[in-house]
Amino acid sequence: MFKLALTLTLCLAGSLSLAQHNPHWWGNRNTIVHLFEWKWSDIAQECESFLGPRGFAGVQVSPVNENIIAAGRPWWERYQPISYKLTTRSGNEEEFGDMVRRCNDVGVRIYVDVLLNHMSGDFDGVVVGTAGTEAEPREKSFPGVPYTAQDFHPTCEITDWNDRFQVQQCELVGLKDLDQSSDWVRSKLIEFLDHLIELGVAGFRVDAAKHMASEDLEYIYSSLSNLNIDHGFPHNSRPFIFQEVIDHGHETVSRDEYKDLGAVTEFRFSEEIGNAFRGNNALKWLQSWGTGWGFLPSGQALTFVDNHDNQRDAGAVLNYKSPKQYKMATAFHLAYPYGISRVMSSFAFDDHDTPPPQDAQERIVSPEFDEDGACVNGWICEHRWRQIYAMVGFKNAVRDTEVTGWWDNGDNQISFCRGNKGFLAINNNLYDLSQDLNTCLPEGTYCDVISGSLIDGSCTGKSVTVNEYGFGYIHIGSDDFDGVLALHVDARV
């Protein structure tokens, strides 16, 4: 009997963790966008007017629970929680619930960035949060939950990143480190996440997951409610989990400890794709992209060119400030069948602490748009760049096909097909790509969705005529505005 019970327990745990890799997308949609620091009302409108019609699968939203108010309102104040009340600069609980409902109604899922590792760092005396709650972070007193000092690990600094104890039980940049092995802490975290599930979210990005023991997270995840069927989720659906685990391959705490609990953020993907498109590694080597580069299995990897943290760091990672290379890297990211894809939607920044666009009263301002639909007034909105949203459509059109017909020039010009549904070519050399290439597409004329769109039966940008053998003449000049060309069956004239 004991063996049978143990077997059933293990099977249940295994099935739950497998289910937590499912992002619950509608139809053929398969790209998440991180609308960093957007207000809930603006996200709701964006789901209805842009993301839904353009085929985006979901939105990662900024932390939803009450945080400290820091001088100047830097973005990182959202990562310093003081209670689980759903009031932030993005809006209140009613506005959040309205956003989730409206986005789900148009097939765009919501994934919340959640903070399970810690509460706010040191601030002297009593602080007041975004919902009006008082706390004394230095004393580890958070009555809005409530948490007291006994709910936290003893205060210590992380000085040795090769010491598992320090990484998982000391304070990450001074943030008060919760004890997730505590029954009380577990109950409050589960209560918080279950409330979000009740409101209709599809899952969670778990911040700082490597700083929590995987067995504690497994307990928390397995204790969560199923997703809310009133928001269109099938019965017994589990929340999608993707966990922030920074692992460069030599970490004491490994991504492998978390990959069976849910997807894991594949930071090596971000670093290597940046290296390649900055010219530090020839694009020809991308033919083996994915597990051949030491990355996680595709279904366990949350992939991205940049995120809200590493886009602010020096190094190989690309961001919106290198637009030509960034668009090429994003096109490759969305065209190559590896990982669970997320694209970034940023605001402009000059330094690490730059706050989101705000008014004189330090309230986040809504994005405004020009006549082409691009964002202005401090918002970058990469997801509204044609070269990026068109590749979201490309990724939808070619879903469930494999890479075929790889070609390269032995250097930084490459092309490949996605079955007989799509074709991508990239030129990252300082000379033109001019070549008859196998597009693998049926005979016909196709619009390049990077340089333009298919509107009323004609192309506003480049077009390529494909012959009966699937070949077409591909030209990408070294001085072209974009170094990439993309064709797919849904953009056939």
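Glycine is no exception: its Cβ is also placed from the backbone N, Cα and C atoms.
The signal peptide annotation in Swiss-Prot covers 1-19 and is backed by similarity to another entry.
Marked as pyrrolidone carboxylic acid by Swiss-Prot on the basis of similarity to another entry: Gln20. Around the Cβ of Gln20 (pyrrolidone carboxylic acid), a 10 Å sphere holds 23 further Cβ atoms from the protein chains shown.
Under DSSP, Cys103 (disulfide bond) is assigned to a helix (H, G or I) in the three-state scheme. Under the heading disulfide bond, Swiss-Prot lists Cys47-Cys103 (among others), citing similarity to another entry as support.
Long-range Cβ contacts of Asn117 (Ca(2+) binding site) within its own chain (separation 6+, distance under 8 Å): Leu172, Leu175, Asp177, Leu178, Gln180, Asp207, Ala208, Ala209, His211, Met212. In the three-state DSSP classification, Asn117 (Ca(2+) binding site) falls within coil. Per Swiss-Prot, Ca(2+) binding site is recorded for Asn117, Gln168, Asp177, His211, and the stated evidence type is similarity to another entry.
Neighbours of Cys156 (disulfide bond), defined as other CB atoms within 10 A of its CB across all chains, total 12. Following the DSSP three-state reduction, the secondary structure of Cys156 (disulfide bond) is coil. What Swiss-Prot lists as disulfide bond is Cys156-Cys170 (among others), and the listing cites similarity to another entry.
Sequence annotations record features per position, and here Swiss-Prot assigns chloride binding site to Arg205, Asn307, Arg342. Cβ neighbours of Arg342 (chloride binding site) (same chain, under 8 Å, six or more residues apart in sequence): Thr31, Ile32, Val33, His34, Gln60, Leu302, Thr303, Phe304, Asn307.
Residues or ranges marked as active site, nucleophile by Swiss-Prot on the basis of similarity to another entry: Asp207. Counting every protein chain shown, 20 other Cβ atoms lie within 10 Å of the Cβ of Asp207 (active site, nucleophile).
Swiss-Prot lists Glu244 with the feature active site, proton donor, giving similarity to another entry as the kind of evidence. In sequence order, Arg205, Val206, Asp207, Ala208, Ala209, Lys210, Thr265 make up the list of same-chain residues 6 or more apart from Glu244 (active site, proton donor) whose Cβ falls under 8 Å from its Cβ. Glu244 (active site, proton donor) carries neither a helix nor a strand DSSP state and counts as coil.
Positions annotated as site 'Transition state stabilizer' by Swiss-Prot: Asp309. Secondary structure from DSSP puts Asp309 (site 'Transition state stabilizer') in coil.
Residues or ranges marked as disulfide bond by Swiss-Prot on the basis of similarity to another entry: Cys375-Cys381 (among others). If you take the C-beta of Cys375 (disulfide bond) and look for same-chain residues 6 or more apart in sequence within under 8 angstroms, you find Pro367, Glu368, Phe369, Cys381, Arg384.
Counting every protein chain shown, the Cβ of Cys417 (disulfide bond) has 25 other Cβ atoms within 10 Å. Secondary structure at Cys417 (disulfide bond), as computed by DSSP, is strand. Residues annotated as disulfide bond in Swiss-Prot, with sequence analysis given as evidence: Cys417-Cys440 (among others).
Of all the Cβ atoms in the protein chains shown, 19 others lie within 10 Å of the Cβ of Cys459 (disulfide bond). Marked as disulfide bond by Swiss-Prot on the basis of similarity to another entry: Cys447-Cys459 (among others).
In this structure, the C-alpha atom of Gln168 (Ca(2+) binding site) lies 50 angstrom from that of Cys440 (disulfide bond).
Rounded to a whole value, the Cα-Cα separation of Cys170 (disulfide bond) and Cys103 (disulfide bond) is 38 Å.
On its own chain, Cys47 (disulfide bond) has Val59, Met99, Arg102, Cys103, Val106, Val108 as residues at least 6 apart in sequence with a Cβ closer than 8 Å to its own Cβ. Each of Ile32, His34, Gln60, Asp113, Phe242, Glu244, Thr265, Leu302, Phe304, His308, Met344 belongs to the same chain as Arg205, Asn307, Arg342, is absent from that list, and has a C-beta within 8 angstroms of the C-beta centroid marking the chloride site. In this structure, the CA atom of Cys447 (disulfide bond) is 15 Å away from the CA atom of Cys440 (disulfide bond).
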